[in-house]
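To start, the structure itself, in structure tokens.
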Amino acid sequence: DMLQRGCQPSVVTYTVLLEAVCKSSGFGEAMNVLDEMRAKGCTPNIVTYNVIINGMCREGRVDDAREILNRLSSYGFQPDIVSYTTVLKGLCAARRWDDVKVLFAEMVEKNCVPNEVTFDMLVRFFCRGGMVERAIEVLQQMSQHGCTPNTTLCNIVINAMCKQGRVDDAYNFLDNMGIYGCNPDTISYTTVLRGLCRSGRWEHAKELLPEMVRKNCPPNEVTFNTFICILCQKGLIEPAIKLIELMPEYGCSVGIVTYNALVHGFCVQGRVDSALELFNNLPCEPNTITYTTLLTGLCHTEQLDAAAELLAEMIQKDCPLNAVTFNVLVSFFCQKGFVEEAIELVYQMMEHGCTPNLITFNTLLDGITKDCNSEEALELLHGLVSKGVSLDTITYSSVVDVLSREDRTEEAIQMFHAVQDMGMRPKAGMYNKILFSLCKRCETDQAIDFFAYMVSNGCMPNEPTYIILIEGLAHEGLLKEARYVLSELYAKGVLSKSLLEDQH
């Protein structure tokens, strides 16, 4: 439209267009725009090239981006902080840490001073990659380039140390944050406290609470709930209750998040009656998590009537329902063989505006297939496909399983190939189901052909695969061949000694 009106696009216009094209259509199409830009006599500037570099890095073409970076001087431009930071980010994303070190040194050598954005990005990526010492080196270099680390950046390092189980190092780092010109905050302490709890050091974690007050970083509800949740996950109810009693002393209110942790803790211990008693005496309104946690506990202790009553109460009180809540019950019904009730529950789920997810359908299909009802499984599968539900290999594997067990091997193989035609890669479990069906029908030759097909498709056979084939050979009276295969597989370390003895 601009060209039709005789208005020539400027370098700014083209650069904005290039950025949009890189995001929507990819780098290849963006290069066409760049060629058009040059053909019309519009010279790209450093911002334009930075957009191109970013587009390349986004598509994982870091070496191409590096080449553009190296060529910038021949185009009449010096790489700026954005150019270097973008390529550094691309190298970090590709986990090419040695190249990151080289490029950073080159950047400094060429007097392109890194800024807070560069350092922030490097620290985050190093921590994400588990390279905490490199992240600390970056923090130490910041002051040399006129930058000061902030508390948020130091907290990222603390979190990375705790994830590695280096809680003492994390605490020492917290204690010495003043070296970097910043002070710890409540998040710093809460992160260390979480690390101590996860390593079972409850008393040490508890000692941090008064220290936090002394250091002017008083614990908040998140701090206490972090502590209480981990205790309850471990089934340590009594220490959790003592912590809850401490909360008001620190000016923290006990809310539904805290009570949910306690309900979960009781259920972990199998004390569902205590969880129900707490639920019935809550000083605040229960939420979806409260109900779902309690439903899970009731199902695990097989209190079906109580679970049904609780679900009815949840619906009556207009507590928001989600797929997780229903999936708990669907899974329980299917495990107990109450497949019809599970199907009815899914319909009830949809009536209340709650959309079943893939877990719901896979659980339901698994229940149907265990009931050896292939027609019902196929009917559900076709219904899901017609509704546009996106299915995965687990869904189809359940149907292949029931077809194979009902000796409908040809249909199972058709389903298998349909899965491949949809661009999905069947896992070893699906191959094994068909192999088992073929061997059961004494079609060992076809089973061996299918095994060869499995290997040629890049699917690694597992121990059950070999056991199915060996038992198939033995079933057809080919004992010598079965023993030979068994010995060969043991010699190659594919089968364990105990299985070798069992098969002999």
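One is the number of the first residue shown, and numbering goes on along the chain from there.
Just so it is clear, glycine is given a Cβ too, placed from its N, Cα and C backbone atoms.
Copied over from TrEMBL, here are the features:
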- 45-79: repeat 'PPR' (REPEAT)
- 115-149: repeat 'PPR' (REPEAT)
- 150-184: repeat 'PPR' (REPEAT)
- 185-219: repeat 'PPR' (REPEAT)
- 220-254: repeat 'PPR' (REPEAT)
- 255-285: repeat 'PPR' (REPEAT)
- 287-321: repeat 'PPR' (REPEAT)
- 322-356: repeat 'PPR' (REPEAT)
- 357-391: repeat 'PPR' (REPEAT)
- 392-426: repeat 'PPR' (REPEAT)
- 427-461: repeat 'PPR' (REPEAT)
- 462-496: repeat 'PPR' (REPEAT)
**OP:** Please indicate, using numbers and ranges, the residues of the same chain that are 6 or more beyond the repeat 'PPR' (287-321) and have a C-beta under 8 Å from a C-beta there.
**Re:** 256, 259-260, 263-264, 266-267, 270, 272, 275-276, 279, 328-329, 331-332, 336, 349, 352-354
**OP:** Using a Cβ-Cβ cut-off of under 8 Å, list the residues of the same chain that are 6+ residues beyond the ends of the repeat 'PPR' (220-254) and lie near it.
**Re:** 186, 189-190, 193-194, 197-198, 202, 205-206, 209, 212-213, 261-262, 264-266, 268-269, 271, 283
Subject >> Whole-number mean of pLDDT values that fall within the repeat 'PPR' (462-496) >> reply: 71
